[in-house]
Amino acid sequence: MSLLITSSRSVLRQVKSYSVFQCPAIHEGNLSSVLRTLYRQSSTFCVGLPCCRSSCWSWQCDLQSSRHIGLWSSHQNTPTLKTVTDVAKFIKERATNVLVMVGAGISTPSGIPDFRTPGTGLYDNLQKYNLPYPEAIFDIHFFMMDPRPFFALAQDLYPGVNYKPNVVHHFLRLLYEEEKLQMVYTQNIDGLERLAGIPDTKLMEAHGTFATASCTLCGKMHNSNKVKQAIIEGDIPMCEATNCKGKVKPDIVFFGENLPPSFWDYHQHIHFTDLLLIIGTSLEVYPFAGIADAVGTQTPRVLINLNAVGSLGRRTTDVILTGDLEESVHSLVRELGWEEKLKALEKVYESKQINEE
Ligand code: OAD
Ligand code: ZN
């Protein structure tokens, strides 16, 4: 089956006149709702990108097997965003799928240092562990030789023990509550997005999580509460399988390990993304950083970070909000008119914490 969906009459005219493309079903109208329905229902599809020239079309059409659905959307009217006010207006009026990428910067207001900020970043403060190079703390080969530095760090960082979500995490939760959030892709292992209440279905912990743990030798899954207990008490959790002397590691993705397979779903998500929001990351680590480059060139990319990073700034559709990210998020929230809602969310979080204590 081939299917054409477009909200643009000119795209429709052009595609109709393009003889290779046979489209028995044409849907017009509310693009995002039709796309979302299709996305849920179809396992294979290909997507016609908004800016496709006819040279790309034949490539797209080649992909049209009998089971593929071709989606042609048009975002050609995307306004140029420049300021935080423009971004807020776009989110309020146009966006239902905000894709978010975050890194260690968003946890600094919670008191957790990031990795690469000179002086305060974790990689400048690992002398006590005597590592051959800073990244060794997250290197699987080094871990197999000496797991102690990682477990010492994990003892401090264990989610829900020493640190709590801050305004950025609550803002992401609010995006979800307001039905604007497509997904949060996080590189962080502090679990603060989960703690802020972003549901599993909207969260991709690309560099893994403490929520599960497994043996580094036999792969056996272990009870995460027991592993947590061992880590907090300063012990190294060992495998419980008979005859296995492996160390148990929380399922954090180390250098040299694969990302969770569902990470790669971003290739599908990006076709439905209205706006990409990148907060608090140096975009130095791939494949995570590749998401930013993969979104369509017509999709606005908004960076909230101390300084410009990655390829941000190279596209006319990019917006860069430099400076302290907590302040930028506050002004975005203000422009969105969400201040009261954010306060209410923070209150709910605090009272939930008090009840659980
Ligand atoms: P980095 O430390 O590389 O980058 C954090 C970014 O946030 C930097 O660009 C900082 O300038 C910015 N930043 C920090 N605090 C800020 C603030 N208050 N306001 C504005 N900007 C601020 O952290 P990541 O990009 O997350 O891997 O690092 C990626 C990966 O490298 C991590 O996931 C980790 C590490 O090796 C693993 O854990 C496997
Ligand atoms: Zn084992």
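Residue 1 is the first one shown; counting continues down the chain.
Keep in mind that glycine also has a Cβ here, set from the backbone N, Cα and C atoms.
The Cβ of His207 (active site, proton acceptor) lies under 8 Å from the Cβ of Thr186, Gln187, Asn188, Ile189, Ile252, Val253, Leu259, Phe288, each on the same chain and at least six residues away in sequence. Sequence annotations record features per position, and here TrEMBL assigns active site, proton acceptor to His207.
The Cβ of Cys218 (Zn(2+) binding site) has 13 neighbouring Cβ atoms from other residues within 10 Å, across all protein chains displayed. As annotated by TrEMBL, Zn(2+) binding site applies to Cys215, Cys218, Cys239, Cys244.
The feature domain 'Deacetylase sirtuin-type' is assigned by TrEMBL to 77-339.
Checking the recorded positions His207, Cys239, Cys244 for a CB within less than 6 Å of any atom of ligand 1 leaves His207, listed in sequence order. Looking at Cys215, Cys239, Cys244, the binding-site residues in this record, the fewest other C-beta atoms within 10 angstroms of the C-beta turn up around Cys244.
One way to see the shell of the Zn(2+) site is to take the Cβ centroid of Cys215, Cys218, Cys239, Cys244; the remaining same-chain residues with a Cβ within 8 Å of it are Thr216, Leu217, Gly219, Lys220, Glu240, Ala241, Lys245, Gly246, Val248.
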